[in-house]
Amino acid sequence: GKSFEVRQAAGLLLKNNLRAAFVSMPPSSQQYIKSELLPCIGANNRAIRSTVGTVISVLFQIVGVTGWIELFQALHQCLDSNDLDHMEGAMDAIYKICEDVPEELDVDVPGLSERPINVFMPRMLQFFQSPHASLRKLSLGCINQYIVVMPSALYMAMDQYLQGLFVLVKDPSADVRKLVCSAWVQLIEVRPSILEPHLKNVTELILQANKDSDDEVALEACEFWSAYCDVSMPPEGLREFLPRLIPTLVSNMVYTDDDESLADAEEDESFPDRDQDLKPRFHASRLHGSENGEEDDDDDAVNAWNLRKCSAAGLDVLSNVFGDDILPTLMPLIQQNLARTDDESWKEREAAVLSIGAIAEGCITG
């Protein structure tokens, strides 16, 4: 009967205390906590459901699969309930477990007839067709966590998963579209052979996503070009897309109000060497991490990975793969942008300078 704010705060305090205290509690207290959490999975308030999912994930990491068989029975019942709150609450908990310890769901458990992931996978793939964006997002987010470890449950369902991605790339929810692009980037990085038969189709869809009205979707799509080249896929597969890809990358390099521009940053003493922004060899996306593994808060605004820098990095990589072959498409764009003299077009001129910096090494002869 307490207010949502009090219940949520209690859940977060519980989570923080479980880490230190759970293992030393009397078994009756442990059992009480576990049994009281399960009915809250389908709470009718989303904030409470989310907090419960966080607490369940932390507790699951402490007790393991075998220490909480009832959890999987409860999650299974929630997924089959057809009640949105229960389905969403269960998927939120599963997502958080997948995010932290995905391999823990891919083990044989005494007392369960199937590995948990084998039970959840078909249900998550069904949710790709759910009318509720929250379920599409959570289910896709869960499955994406398994691309690297690739359990047999996903490997055996790969065709269904890929077909689902082809449908969801046009999803009305930007969060879902972003996860589709993330899936393709991860697949090209760690399982390129799986994408190879679909590569032309995927590349076309990624090129469209690179122009998405949502910048985060466009950024996720833009990661694909560096990833494609980094895994040494046959470059000829990209060649036919260059006449459309290069203008897209240059267009995405034009400064927007969300970016830290060279002009703004020059007033900031913490601004790093200008060469860094012109020649972005530091492909520090959240997938690849920064090269030295260290972050400096003062430089966060300048060094924040964004669509502009990712596009420059993509152009950089393409110039190293294709060399002077990209110049017939790129140089007219650069010359056109540099030739503009009106005050409003400084952003296009700056993008042209950024482009020259990006290709300085790859196209040095041309």
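Each Cβ is built from the backbone N, Cα and C atoms, and glycine gets one as well.
What TrEMBL annotates here:
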DOMAIN    4-42  domain 'Importin N-terminal'
COMPBIAS  261-270  compositional bias 'Acidic residues'
REGION    261-299  region 'Disordered'
COMPBIAS  271-280  compositional bias 'Basic and acidic residues'
Checklist entry - Counting each residue once, how many in the domain 'Importin N-terminal' (4-42) are helix, strand and coil under DSSP? => result 37 helix, 0 strand, 2 coil
Checklist entry - Averaged over the whole of the domain 'Importin N-terminal' (4-42), what is the pLDDT? => result 95
